[in-house]
Structure formats: C-alpha cells, structure tokens
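A.B. asks: The feature ATP binding site is assigned by Swiss-Prot to G37, P38, S39, G40, C41, G42, K43, S44. If you look up Swiss-Prot, you'll see 4-235 marked as domain 'ABC transporter'.
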Amino acid sequence: MATLRLDGIRKRYPNGMTALHSIDLSVADGELIVVVGPSGCGKSTLLRILAGLEPITAGELAINGRRVNELEPAARDIAMVFQNYALYPHMSVAGNMAYALKNRGTPKDEIRRRVANTAALLGLDDLLERRPRQLSGGQRQRVAMGRAIIREPQVFLFDEPLSNLDAKLRVQMRLEIRRLQKRLGITSVYVTHDQVEAMTLADRLVVMNGGHVEQCGTPMALYARPATRFVASFLGSPAMNFLPVTAHAGGVVLPNGAQVALPAILPEGDAATLGIRPEHLVEATASGEAAATLDVTVEMLEPLGADTLAYTRLPGVETWLVVRLDGAHAAREGQRLSLALPVAHCHVFDARGARVPMTGREDAEALAAQ
C-alpha cells in the first residue's frame, strides 16, 4: 500500500524540448488513477518518471512520503505491466511469474505458494506449464499481470496494456483489471489514449495535453463539467458539438443570427464557443427548459442498434451537429428536425478554450458535487 505525490515535476531534454511542465498530482493509498491524452501529451514520460526510467529535471516525487527522485527503479518497489507483455518466450507461465522472486532469492516454497495463489487469482491454473507462444493475447496479458502481482509491489504502473488486444478482449481485460485492482487494493497509475478505458477504469482521471494537466477529477465530473474545450472534445464519443458564437446580453448569438439564452458571464461582443453533447440535443417537443430551438436538416444517419447518430446541418454553420437518437427513431436523410438546447447541458468556452462559469448554475453544480 502506498501514496504517491508529484510536486512541480518537470522534464526537459538536452535538445530543449520540455515534455512535462510542472506536474502536481497526489494519488491516495489504493487509488487507481488513469492518465489519458493524445500521442505526445507526456503521459508515457510521466509513467517512466514514476518508474525511475527517466530522470527528473525539476520537482519532487515521493512514495509514502519518501523522496525517490534519485532512487533506482529496482529500489522503488514498483511493478509495471506493458502493452507488449514483455514475457520470456523460452520460459513457462510459471517460470515467467516466478522470475523476479528467484532473482530476489525468495525461498522455493514461498515462490511455489505465490505462483499458485497468483495463478488461481488470474485463472491461469491450467496454463502454468505452457510457453507464451501457446497462449492467446488475453492469456499473455494475464501472465504479464501475474508477474507484476506476484511481487506484491507498493505501486502498479500500467503502460497501455490492452492496446494489442481485439475489442472483445479489451472489454474482458478491462473488467479483469478493475476487479483485481479493487480486490488487491494496490495504488495504481494507468496510462492510455483510449477514453473508454479511461472512463471505465478510473477512480480519478488525469487529462493531459502538451505536457500539462488539463483537468483532474472523477470521470463523470470531467465529462459533465469539462474545465476546457480540449477536455470536452477529448472525452466522449462522438465528441461534444462545438458552435462558434458571439457573446451578447443574456446569452450568445450563432453565426446565422439565432440567439441562445444563457446565463454566461462574457463581455459583449467576445468570440466564444458553445458546446453541447450529442445525447443532450433533443427534439423540441421532448425538451424542458431550452436555451434555444434550432431547425436542422439530417444529412447522414449511422444506425448503431440501441442508438442512431444523426449528422445534421444548421443553416449558416459549417460544422456538423451530431445528435444521438433512439435506435427506433424513424429519422431519415433529408428530414428536418427541430432541436432544443437544454440550458443545463450547454457549455460556453472563451477564446482561450477555458470554460465560462454560468451565473447561478456553477453554485448549484458545486452543491450537487458535495
């Protein structure tokens, strides 16, 4: 069991490139933190710094309150699970899991006990004598996890461990990782570019962009109250709809002149962006309090079974408006729909991409989150 603390962690390479800009983060004992972001955002560099594989340029890294900046990887009591499994092909499943314990000089009886217990935990009992080439992708990943679990580390680090698996196996292993982490209670940091993994696994989510932490919080808090346009666009599939708007008294104005009544705090005439998620665009007849009603034309439909995605156009606006409809909806291409923008689900972002507080609504959201 362990806590992690990162204070002002910076990583700058000799060529002048800065990969991490003053990262501050605390991870509680037994917590599973997922770090998510696009390629090049710094998430893998952060993981390597935690593991001791990259030196820190500035700042302090502490495990259980102890500074570990200069501590060698082997002395940090951390176990990593990689995307490429990192198994020894000439060793059996049992041999792969026992390897680190043998190197430590652990007694043979203790090794046998831990191998048996770990194999039972992961459902590998019948595979202990097989070689990695005789295993499926999911089985190999379980062996890789077993090799980490058997060491009984203070901290787990996961480096995109499901990237090489097909969609069905990813779902299965996602559930398995979450179950095991909760059962074992080991503090974990999980890096991924997959937002579904991030949303479903995390106790808390850290969204990174360009070496900065954009936002940190519970998955649903970030989904419902993104601090920046980047977070709003990165979380959610399909992504949040964005419309260019101009601030005016009592709300914002769309490029086609339509007014949207919102309690946003923006100076008159400021350029901004209005955001709303596809599932929150509803037909006007089904809406409650609406900020505006938009008449759109359906240009393309994507039936997904339970849902149908409608790609619509609003006159005078170049971007799509994507609407998530019920799968049984009788929408057809070329049809006109009247859509309501519910006030409670509208987001306004300023020219810098920061979320603009809504008068009254922010207080209500803060109280609801307590």
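Yeah, the Cβs are placed from backbone N, Cα and C, and that goes for glycine too.
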A.B. asks: Taking the recorded ATP site as G37, P38, S39, G40, C41, G42, K43, S44, identify the other residues of that chain whose CB atom sits within 8 Å of the mean position of the site's CB atoms, giving them in sequence order.
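C.D. replies: Sorted by sequence, the hits are H193, M208, N209.
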A.B. asks: Neighbour count first, Cβ atoms within 10 Å, every protein chain included; then name which of S39, S44 tops the list of binding-site residues.
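C.D. replies: Buried the deepest by this measure is S44.
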A.B. asks: Just name the winner among P38, G40, G42 (the binding-site residues) by count of other CB atoms within 10 A of its CB.
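C.D. replies: Top count of Cβ atoms within 10 Å goes to G42.
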A.B. asks: How many neighbouring Cβ atoms, not counting its own, are there within 10 Å of the Cβ of C41 (ATP binding site)?
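C.D. replies: So the number of other Cβ atoms within 10 Å of C41 (ATP binding site) is 23.
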A.B. asks: Tell me the Cβ neighbour count for G37 (ATP binding site), meaning other Cβ atoms within 10 Å of its Cβ, over all protein chains shown.
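C.D. replies: 27, counting other Cβ atoms within 10 Å of G37 (ATP binding site).
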A.B. asks: Should K43 (ATP binding site) be counted as helix, strand, or coil on the basis of DSSP?
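C.D. replies: K43 (ATP binding site) sits in a helix per DSSP.
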A.B. asks: How many neighbouring Cβ atoms, not counting its own, are there within 10 Å of the Cβ of K43 (ATP binding site)?
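C.D. replies: By my count, 27.
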